[in-house]
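> Just dropping this structure here.
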Amino acid sequence: MKNKIWILTITLLIQSFKSRAERGVITVKKVTISLPEVCPCEYNYKPVCGTDGVSFINKCLLDCTNDRNALLTHGLPHISIAPDDQCTGCVCLNLNLPVCTLNGVTYNGECELACENRNRIRDNQPLVYLAYRAACKGPPCSCSTVAAPVCGSDNILYRNLCVLECASANAQAKNLPAIEFQNYGACLDSCRCPETVEPVCGTDGRIYDNLCTFECQNKKLSSSQNEPLKIANPFTCRECACRKVFEPICGTDGRTYPNKCEIQCASFRKRDPFLQIASQGPCAKCFCKDDFYPVCGTDHKTYKNDCELRCANNNLSAGEQLISIFYPGQCMEYECDCNCDSEYEPVCGSDNRSYWNLCYLNCNSVCRQRQKLSAILFVSKGVCTF
């Protein structure tokens with residue numbers, strides 16, 4: 001049986017010195033190596049110093065490095081555990097588990113923060129303190145370094161109540177929900193997951209950011225003695241369990257989505273695998289094909305196609321009513337206010353027009369008769385083909 005191949009990306013923080021009188025600059029390099037799967041390590045931060053002068057996040061990673069060195073057959077020496085003062089650099093797993101410090105700086109993980117503090121101790125600089133285990137939500141606030149942990153409504157553990165309130169204010173400044181105080185101490189039934197978006201559909205019909213958040217939900221269910229979830233066909237999911245993070249992206253349908261998870265969710269919900277990311281950031285403007293498939297909007301204007309109607313929504317001011325498709329085809333010369341649902345079950349009318357559903361056909365028929373025009377009769381299900 002062939003060995004499995006896995007890829008581990010590690011971040012090397014390497015100390016370099018220009019001269020004895022001048023301190024060097026910490027540089028970050030990423031090295032990617034593909035090796036047999038021998039000992040994948042958990043993120044358990046118990047640093048050990050190696051005889052190669054590098055600090056590893058735990059002994060498991062040091063042992064893995066030795067196994068790799070043996071496989072690379074470059075004659076690299078075996079690494080043993082050495083006193084901490086012999087280490088000048090760090091090796092950190094690139095797990096995408098960011099942390100925020102009280103001075104408003106985001107680090108890739110606790111390991112990189114620990115490396116930063118080690119260098120600060122060496123250079124007689126003040127330490128930086130962990131504020132919470134997530135990317136910084138905004139500028140820093142003037143809060144005490146006292147550790148009195150509190151849990152927020154976002155299931156993130158904050159250093160103290162001041163830090164939570166600061167993060168909440170920063171979130172609201174970005175039009176995100178406020179972060180409320182939940183309880184003192186560790187968050188109940190919470191998980192620490194990477195912020196990577198690789199959506200997973202559960203048998204509860206919800207889409208989760210990634211496998212970790214899916215398994216976290218299972219952990220909560222098992223604690224309350226509920227049936228565990230299983231991974232389901234993505235196109236069976238309708239409800240999103242995405243984080244309320246505003247990192248806008250433009251979809252190939254010309255719509256702006258709050259984040260990657262939301263566009264994946266929309267793709268699953270619409271059963272449209274071709275709905276993908278067109279570009280980072282909000283859609284600057286609409287790009288519609290010059291196809292003439294007119295639709296009448298609920299603003300009683302005719303649009304060349306449904307894409308142009310959606311584009312019109314992008315130009316609406318705050319508080320204005322969104323425009324929906326009133327019925328396929330060009331708007332008629334009369335106004336008709338219909339109270340119909342949006343379920344698409346097209347029907348063909350005797351006026352050779354296709355209507356969104358039977359309700360819209362009947363409604364327009366009544367409106368025409370009020371204008372002393374002939375009634376519209378139901379001809380067939382589906383769009384008109386003649």
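Any Cβ shown, glycine's included, is placed from N, Cα and C.
Bear in mind that the values here come from a model prediction, so they are computed numbers and not experimental data.
When I checked TrEMBL for this same protein, it listed these features:
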SIGNAL    1-21  signal peptide
DOMAIN    33-89  domain 'Kazal-like'
DOMAIN    130-189  domain 'Kazal-like'
DOMAIN    190-230  domain 'Kazal-like'
DOMAIN    231-285  domain 'Kazal-like'
DOMAIN    286-323  domain 'Kazal-like'
DOMAIN    325-386  domain 'Kazal-like'
> Give the residue counts of the domain 'Kazal-like' (130-189) per reduced DSSP state, in the order helix, strand, coil.
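Grouping H, G, I as helix and E, B as strand yields 13 helix, 12 strand, 35 coil.
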> Calculate the per-residue pLDDT averaged over the domain 'Kazal-like' (231-285) and state the result as an integer.
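A mean pLDDT of 73 is what the model gives the domain 'Kazal-like' (231-285).
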